[in-house]
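Data first, discussion second: the structure below is written as structure tokens.
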């Protein structure tokens, strides 16, 4: 990563309001796989309609979630997460709109975070809307499924598991329902085919008032991030892209940096906030 690239981005961002849009690439140094990065094989996840209409898929989602969700608990923010929090503290970043559900921005001390796809550590009832912590549900699921095996490799985290019908049908797992109303429970994570949370509207409003939009660790293949970037550009913002591999907006960038977020954002934050 060249100092010239750091200086070029610093020149765009200096004394201006920047909104960051982040994706899986900012968390890979923590051990979480980038399912859409260069060289990855796309998977077909269980979608929202499958989850709410078919008990087999409901069981399968909760089985994979139960086996893997705790893997995210011990992970620590990357230098990229810390750098963005540092930029916010210096008054140079208005907030982060993230496609990630790992909560690492908040752990890094970021105060304003719009979680476009939800968060792994929350559970919502689809009938009454009651929100509970994933840790509380874990106690119930463990009692219902004593000895159910847990994964130990963070690369196996099943944010929304692959739609493997044979594995789902063979899975021996008892899911839970809402203690208040008996409704279906869902990880507070946006599934394919599901509506977006209020955080999306809030991030879109912020995009309309920023001077610079900074894409860090996202190809923008998922439309949520792309919509925010296009909103910012339509409102007159400049675009900076930092990513390994191409993105959907490279040709629109004022500065495009090919590389990882950790090794670039840390010196950038030091340069701008020093």
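Here the Cβ of each residue, glycine as well, is placed from N, Cα and C on the backbone.
Taken from TrEMBL as is:
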ACT_SITE  117  active site, proton acceptor
BINDING   125, 128, 178, 181  Zn(2+) binding site
DOMAIN    1-274  domain 'Deacetylase sirtuin-type'
DSSP-derived class (H/G/I helix, E/B strand, else coil) of residue 125 (Zn(2+) binding site): strand
Cβ-centroid neighbourhood (8 Å) of the Zn(2+) site, 125, 128, 178, 181 excluded: 126, 127, 129, 130, 177, 179, 180, 182, 183, 185
Length of the line joining the Cα atoms of residue 125 (Zn(2+) binding site) and residue 117 (active site, proton acceptor), in Å: 16
Rounded inter-Cα distance in Å - residue 181 (Zn(2+) binding site), residue 117 (active site, proton acceptor): 25
Pairwise Cα distance for residue 178 (Zn(2+) binding site)/the residue listed as 'active site, proton acceptor' [Å, integer]: 22
Integer Cα-Cα distance in angstrom, residue 128 (Zn(2+) binding site) to residue 117 (active site, proton acceptor): 20
Listed in sequence order, residues with CB under 8 A of the residue listed as 'active site, proton acceptor' and six or more positions away: 98, 99, 100, 101, 189, 190, 224
Those binding-site residues listed as 178, 181, and which of them has the most Cβ atoms within 10 Å of its own Cβ: 178
Averaged pLDDT, computed only over the residues in the domain 'Deacetylase sirtuin-type' (1-274): 95
Reduced DSSP assignment, residue 181 (Zn(2+) binding site): coil
